[in-house]
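Shown next, in structure tokens, is the structure this report addresses.
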Amino acid sequence: MASEVRVRFAPSPTGHLHIGGARSALFNYLFAKNQGGMFVLRIEDTDQARNVGQAKEKLLDSLKWLGVEWDESIDVGGEYGPYSSMERLDIYKKHIEQLLNEGKAYYCYMTEEELEAEREAQIARGEMPKYSGRDRDLTEEQRRAYEAKGIKPVVRFRVPEGQVIKIQDAVRGEVSFESDGIGDFVIARKDGVPMYNFAVVVDDHLMKISHVIRGEEHLSNTPRQVMLYEAFGWDVPTFAHASLILNPNRQKMSKRDESIIQFVEQYKELGYMPEAIVNFLALLGWSPVGEEEIFSLEELAAQFSLERVSKAPAVFDTDKLAWMNNQYIKNADLDDVVALALPHLQKAGKLPESLSEEQAEWAKAVISLYQEQLHYGAEIVELTELFFKTEIQYNDEAQEVLNEEQVPGVLSGFLQELEGLDTWDAVSIKGAIKATQKATGQKGKKLFMPIRVATTGQTHGPELPSAIKLIGKEIVTHRLRSLLN
């Protein structure tokens, strides 16, 4: 076993980075940082049918955006490369031949139709379907007969019979599997390309991976991988299987579940902050010491340990993520919040792609009003709607305020004060509200609510004089006149 801690994240380039994959990458990264080890990023691209163009680049971009940096990979190299499975085919071929020569693997000529018929018969008998072992002990003559018919074989691993495979899992403790429940499994396809379970074992061994940290869904692969390690006479790494991630309804998360946003790139596009996503994912199945919930990447790395990774399922609480992102937005520099929110106003057609200096200052001021309450960048479009239209619709709650008997007097008094202003700024508007209070004798809610509702259309909102200033004199006075008429 390698004395140095070496961990890896090995995604398949089949699409965007899923939040489950992002959590696995993060746990590996944090463990490596905590232990002074190395974090390897490897691309498992042997399943050519499922690979998606540009997915490799998107995976790397999403990890970089999160701040999860690797020590060795396809882009930075390293002494244990290549770091892409399809560039390692000669290495796998050599190891498959070794198992064939030692009688630990064999060629299987069963067709898909034969395997399906076998499977259906087993299910009909109430048995767990597994490969029967028909081609386990073929003679050379039988093999030649199949090949004469043009049947291309797969390579299967010969699973030892009557064994108990014990795994000391760093999260779950001892986990046992019966080898008799596992049929001889395929380690190489008909074209010679290895299956995932084989390639991952060869790669992890040759890259000196000390700890395999991944999600619970991989636990069922582990006995197959352990048997391969033992067949080669290699040390088995330490396995650590983190808990399943459940959706907010406490059901197992499915990539087809559209009720929840599941890909890192989507959160980026919505205007979430990478620091918040990292913080949230770290707490999804790992618990720090104490009650604190807000951590930087460095603070997480300083605390992270496998002992505090939970085996109980973790619920992906979207409200908690929105709350956490808001904590980061509240504490961010205003320029960073503008960079997060402004593109969404431009994309929605509220502001032009190219802003004048005056427009940029105005947009910054509007966004600043919502920094305290903004949950993610795209939310700014809905929050700031009142700044981008002349006429506003008053909902029932707003209409109730406007129906109060003191309202006409308050609004006409306020309109008069605004029209008399020489300068249009928050201080002057605050003065106009005070003057209206003096002239009408109204104060508190009786004064402020009608003014807020009439000028913004909302019963709650940002600091009022600043909002009125940014809406603009022409639109504000028009709204007041429309109501009074």
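Every residue, even glycine, has its Cβ placed from backbone N, Cα and C.
As recorded in Swiss-Prot, the features of this protein are as follows:
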type	residues	note
MOTIF	11-21	motif ''HIGH' region'
MOTIF	252-256	motif ''KMSKS' region'
BINDING	LYS255	ATP binding site
- Query: Over the motif ''HIGH' region' (11-21), what is the model's mean pLDDT?
  - Reply: 92
- Item | Counts of helix, strand and coil residues, the motif ''HIGH' region' (11-21), according to DSSP | 3 helix, 1 strand, 7 coil
- Intrachain C-beta neighbours of the residue listed as 'ATP binding site', sequence separation six or more, cut-off 8 angstroms: HIS18, GLN262
- Task: Let me know the DSSP-derived helix, strand or coil state of LYS255 (ATP binding site), please.
- Result: coil
